[in-house]
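Taken from TrEMBL as is:
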TRANSMEM  B:20-48  transmembrane segment
DOMAIN    B:20-446  domain 'DUF112'
TRANSMEM  B:69-90  transmembrane segment
TRANSMEM  B:116-140  transmembrane segment
TRANSMEM  B:152-171  transmembrane segment
TRANSMEM  B:177-195  transmembrane segment
TRANSMEM  B:207-228  transmembrane segment
TRANSMEM  B:266-289  transmembrane segment
TRANSMEM  B:326-350  transmembrane segment
TRANSMEM  B:362-388  transmembrane segment
TRANSMEM  B:400-433  transmembrane segment
TRANSMEM  B:439-458  transmembrane segment
TRANSMEM  B:479-499  transmembrane segment
Amino acid sequence: MSKTFDRFSGILFLAIGALFIVESIRLSQSAYGSDIGPDIFPMYLGIALVLLSIRLVYETFRYQQDQSEKEKLDYKRFAIILGAAILYAGLIETLGYVITTFVFLTVGFQTMQKGKLWLSILIAGVFSIGVYYVFVNVLQGTLPPFPFENMFF
Amino acid sequence: MSTLDFLFQGFATAMQWHNLLFAFFGVLIGTAVGVLPGIGPMSGIALLMPITASITGGLGPEQAATSSIILLAGVYYGAMYGGSTTSILLNTPGESSSVVTTLDGHQMAKNGRAGVALAICAIGSFSAGLIALIGLILLAKPLASIALKFGPAEYTALMLLGLLAVSGLGGKSITKALMMTVFGLLLATIGIDAVSGISRFTYDQPMLYSGLEFLTVAVGLFALGEVFKSILERESNDGEIAKITRIVPTKQDMKDSSIPILRGSVFGFFLGVLPGAGATLASFFSYIMEKKLSKHPEKFGTGTIEGVAGPESANNAAAGGAIVPLLTLGIPGSGATAILMSAFIMFNITPGPLLFEDHPEVAWGLIASMFVGNAILLILNLPLVRIFAKVVETPTKYLIPLIVAFSFFGVYAVQFSVFDLMLLVGCGVAGYFLMKNDFPIAPLVLGLVLGPMIENNFRRALTISNGDFMIFLQKPLSLLFIIIGILWVVTPMLLKLIGKKVVVNDDGL
């Protein structure tokens, strides 16, 4: 158990709970024909979350000393893939499904483990084109098309 | 019509060729999902939901729902079986419910009996499926007719009980589990309120009007959370894979394991029906039980077949049992059934007491297909065991980015929005950190699914009583549910105080 994380998240959830309480109070008080408006349920939940968060923060003071067994976490790999995923999400509608998926997969494979670039490109290509073709042409679904659609299909 | 007539009709539905195909692919994909590291039954079901929706697009609404749910349920119990394959061959459990299987299963593999262990798992799963089927048939009607008499107060209390039960057993810290439950319920209030039409916590952002999409949150928390975990912690699956030689169990093996299988199945089923208990506890307790009842308890842990047969049947039966409260009461008792429930809702079918009257085809079709699916599992797994063992060797290098791409596809294909993709990534990061610090995810997901229902019933009950909260305590059934719910949370706390060790459901299944 990490004391720091638990204390931090306790305070964060406390703030979230408080936010929900405040925002519930600002909501219109009652629904037509009933005293029980849309504000009641989230407000009680907010109070519950605040109370539980306080309890968690209180518990962290009673934790045993942090066992400082530092794991070696691969933050670099994580940052690259997370960044690539965010770009993937942001660009999917502009550049289309096939291009973004292909680039994301190639980057992802190579970040996980360098080498065998051609195999990475092949798998990324087969997946992105395969999923697009099957989903759009066979199953009649919708995915973002190529940016200059008329040029390709 | 009597229950048996409905059951036969269910079998007629399940035996239609396309439903057989769906059940087949369901268990096949499920087994693969269970075998693959980094992707469990919950992510598997969540990821396949959008695809089943598009495949079944050509069928009528009720048929489409039946077929999709048959496939998704197949994934569910297929994954339960697949998880044990890695336990036996690699000594790394694919799911938390098959942790116990490593104890004797891997020892059997070391003694050169991997094939027999896998075969016993398949036979155990089949028998568990059979027992669960009988249990479902016996319990479904009576439970549904009791539930029909429930008013809003009883329903609120019952759902509260379910949530408390899952939180009480959900992880190492009850405080954290309860926080996750409440947080899930709070997230469910985002969007336009169905009763008053007022938008809540949306800050005039149109994409929030319909609320946070359950599928997105679930895939993010479970699938991407697991993916980020394997990226950060450099998990690899390069352990020694045991060789499979003989598959068919001997007569002596069958004799030794038949009673444990039967015991495990019945016991697992009843534990599965209870909310929050689930497959992990079932397999754990079954192992302890077999050890206690055995004539030679000292052999446990050295590769005895009873130690595999009992727990494996128990966890599969629990998976079947968990479907009972979902179908009859409309209340999921675990993360995986919560996701199955969202699949029902996606097809505009509300699981619950009315399911058996409004959509008997869906309900009984699903029940019958569980039997058919288990039969397919048995036929499929004995010859294909070697191929599934190969799936274990899929390099993480390719697996991890492909799971991300697949989640993106799954979410975008249903939601068509970049906002949901961003939410997906955000939930993935949150999921990793929460899981790592023992904040259980399953209660959050359950809260998110049950949120709207519990709020509606809560408000209806209070409207009936003119805002008087005593209504929840005045109705005898509702009072009973609340008392059981509180006991469920308080008992483990008290036990901990006395210094007893409490068994928890590690990832809430």
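Heads up, the Cβ atoms here are built off N, Cα and C, so glycines get one too.
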Long-range Cβ neighbours of the transmembrane segment (B:266-289) (under 8 Å; 6 or more residues past either end): 80, 95-101, 103, 128, 131-132, 135, 139, 161-162, 165-170, 260, 300, 307, 310-322, 324-325, 331, 333-334, 488, 503, 505-509
Cβ pairs under 8 Å between the transmembrane segment (B:116-140) and the transmembrane segment (B:362-388), at least three: yes
Segment proximity, the transmembrane segment (B:362-388) to the transmembrane segment (B:439-458), 3 or more C-beta pairs under 8 Å: no
Intrachain neighbours beyond the transmembrane segment (B:326-350), with Cβ under 8 angstroms and 6 or more residues off its ends: 41-42, 45-46, 49, 52-53, 61-62, 64-65, 68-69, 72-73, 76, 136, 139-140, 143-144, 147, 158-159, 162, 165-166, 214-215, 218, 222, 272-278, 319, 356, 358-359, 362-363, 366-367, 441-442, 445-446, 449-450, 453, 507-509
Distal contacts, the transmembrane segment (B:152-171) - CB-CB under 8 A, six or more residues away: 177-178, 180-181, 185, 274-278, 281, 325, 329, 331-334, 438-440, 442-443, 446-447, 450, 453-454, 456-458, 460-461, 464-465, 471-472, 475, 477-479, 481-482, 484-486, 488-489, 491-492, 504-506, 508
Recorded stretch, among B:20-48, B:69-90, B:177-195, B:207-228, B:400-433, maximising Cβ pairs under 8 Å relative to the transmembrane segment (B:362-388): B:69-90
Interface check, the transmembrane segment (B:177-195) with the transmembrane segment (B:20-48), three or more C-beta pairs under 8 A: no
Chain residues in Cβ proximity to the transmembrane segment (B:20-48) (below 8 Å; excluding those fewer than six residues from its ends, i.e. six or more beyond): 14, 67-68, 70-86, 92, 94-95, 215, 218-219, 222-223, 226-227, 229-230, 235, 237, 335-336, 339-340, 343, 369, 372-373, 376-377, 380-381, 388, 391-392, 394, 396, 399-400, 403, 406-407, 410, 445, 507
